[in-house]
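The structure appears below as structure tokens.
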Amino acid sequence: MVQMSTSSRKALVFVVTFVSYGLYHASRKSLSGVKSSIKSDWLSNTSGHEPLFANEADAKHFLGSLDAIFMAAYAAALFFWGWLGDRLNPKYVVAAGMIGSAVTLTLFGTIPKWLNFYHAPYYVITYIAFGLVQACGWPSEIAIMANWFGKGNRGFVMGVWAACQPVGNIFGSIFTAMVLPLGYEYTFLLNSVLIAVGAIVVVTAIDSSPNEEQEAGVEANRIRLLRRSNSNEPHHNFHGEPISLFKAILLPGVLAYCICNACLKLVNYAFFFWLPLYLTDAYHWEESQADQLSIWYDFGGIIGSVLGGYITDKMGKRSPLIVAMLICSIGSLYFYAHVGPYMFWNALVMTTVGVTVSGPYNLIVGSISIDLGSQPALAGNTQAMSTVSGLLDGTGSAGSAIGQLFIPIIQDDLGWKAVFYVFMLLNGFAILAILKRCIIDMKSLRKLRSGEESPLLNDGEGGEHED
């Protein structure tokens with residue numbers, strides 16, 4: 001095996017985890033990018049099957065239900081996979097989720113079209129399974145990144161890395177637009193093949209921590225010694241023991257950010273799931289055009305994630321910038337609701353929405369997740385990272401699951417503008433959830449300027465107990 005320097009191994013871990021979670025996200029774009037096509041297929045009987053639904057409204061509600069079912073399964077599984085990720089080698093958890101995603105995505109989107117097998121319960125079951133295995137990724141990816149990258153420039157490093165989500169969305173949209181003329185079933189197949197290949201790379205190319213090989217050897221020697229001595233003494237892990245979900249949610253700052261993320265992820269994933277369909281419904285643009293235009297939301301997410309991480313590193317606190325971005329998001333959402341059918345202006349305002357919605361979301365589930373999972377209250381215990389990140393993302397996904405059920409109902413009854421007004425209200429709730437944390441951090445920054453306090457970002461996010 002070729003020996004690599006630590007810096008080279010870190011770079012490889014960064015790239016492989018970035019690409020692997022980008023593939024997770026690209027696979028989720030398979031359905032959202034072809035909703036118009038799959039809805040038409042369900043309503044027609046030209047391919048040897050009766051219509052799956054009687055009218056377009058029923059089909060749209062079912063699509064909303066699928067989104068909600070996916071997010072509910074994803075949320076429930078995040079708590080489990082986050083808990084398990086602190087107890088197993090996280091790279092194997094990531095790879096298992098990728099293989100499972102490839103299988104379930106093919107079963108959901110490709111097999112029914114090929115076999116003319118259209119049954120609503122089948123779609124529900126396979127999409128639930130897809131949500132369950134998709135949840136393997138994020139907590140374990142975060143745990144791997146936390147093992148390799150310390151506190152130095154964490155905001156910038158994780159801001160760049162968390163951009164894997166919008167980058168994955170962009171490539172997912174590109175893949176969809178490229179393959180869609182062949183048939184929507186091939187978008188599912190292509191993403192399945194790509195994520196399966198990615199799983200092989202994860203297993204073979206990286207270690208879960210800098211000392212993985214050394215620790216494996218030490219553990220094997222320890223087991224041999226214990227067997228020889230028949231010792232009954234308990235083994236104490238140098239890195240600490242995994243914590244329960246209940247203990248994790250009681251950590252300073254965790255509950256506030258869980259509530260914030262429940263609101264913010266609902267809005268972010270509403271754009272993820274519904275933006276292409278909104279553009280085709282509202283402006284009657286071609287589905288491939290809508291897929292390509294929706295990329296600008298993800299470009300905005302990349303900008304917000306990277307700049308936000310860099311700025312919060314310089315500030316020494318994260319919550320003030322998160323709140324500022326969320327305040328700006330209310331204005332950008334209002335303008336987007338009224339921008340009209342002008343592609344240039346639509347793309348421009350959409351990018352601004354991405355900066356102010358997707359940007360802070362990426363910071364919360366990336367940089368802040370690691371801050372909360374490595375705060376002083378844990379006393380150096382590194383075995384809590386996956387649990388905390390799973391809890392944070394899981395509560396966000398639970399909120400998003402509820403929201404996806406109501407979006408088509410609100411749209412049918414009140415129109416798309418009402419949907420955007422609901423998004424504005426939800427981001428207001430997200431601000432309120434962390435407002436106390438923001439006020440505390442602003443006071444801390446004022447003390448810092450006057451030389452009364454040390455600029456410890458980790459203490460600012462998780463170490464103070466006013467939360």
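Here, residue 1 is simply the first one shown, and the rest follow in order.
In case you wondered, yes, glycine gets a Cβ from its N, Cα and C as well.
Sequence annotations record features per position, and here TrEMBL assigns domain 'Major facilitator superfamily (MFS) profile' to 13-445. The feature transmembrane segment is assigned by TrEMBL to 62-85, 92-111, 123-144, 156-180, 186-206, 254-275, 295-312, 319-337, 343-364, 384-407, 419-439.
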Whether the transmembrane segment (62-85) meets the transmembrane segment (295-312): three or more C-beta pairs under 8 angstroms: no
Paired segments the transmembrane segment (343-364) and the transmembrane segment (92-111) in contact, 3+ CB pairs under 8 A: no
Among the ranges 92-111, 156-180, 186-206, 254-275, 319-337, the one whose Cβ pairs under 8 Å to the transmembrane segment (384-407) are most numerous: 254-275
Chain residues in Cβ proximity to the transmembrane segment (254-275) (below 8 Å; excluding those fewer than six residues from its ends, i.e. six or more beyond): 28-29, 32, 67, 71, 169, 248, 290, 294, 297, 322, 326, 329, 333, 350, 353-354, 357-358, 360-361, 364-365, 368, 372, 388, 391-393, 395-400, 402-404, 407, 419, 423, 426-427, 429-431, 433-434, 436-437, 462, 467
PLDDT averaged over every residue in the domain 'Major facilitator superfamily (MFS) profile' (13-445): 85
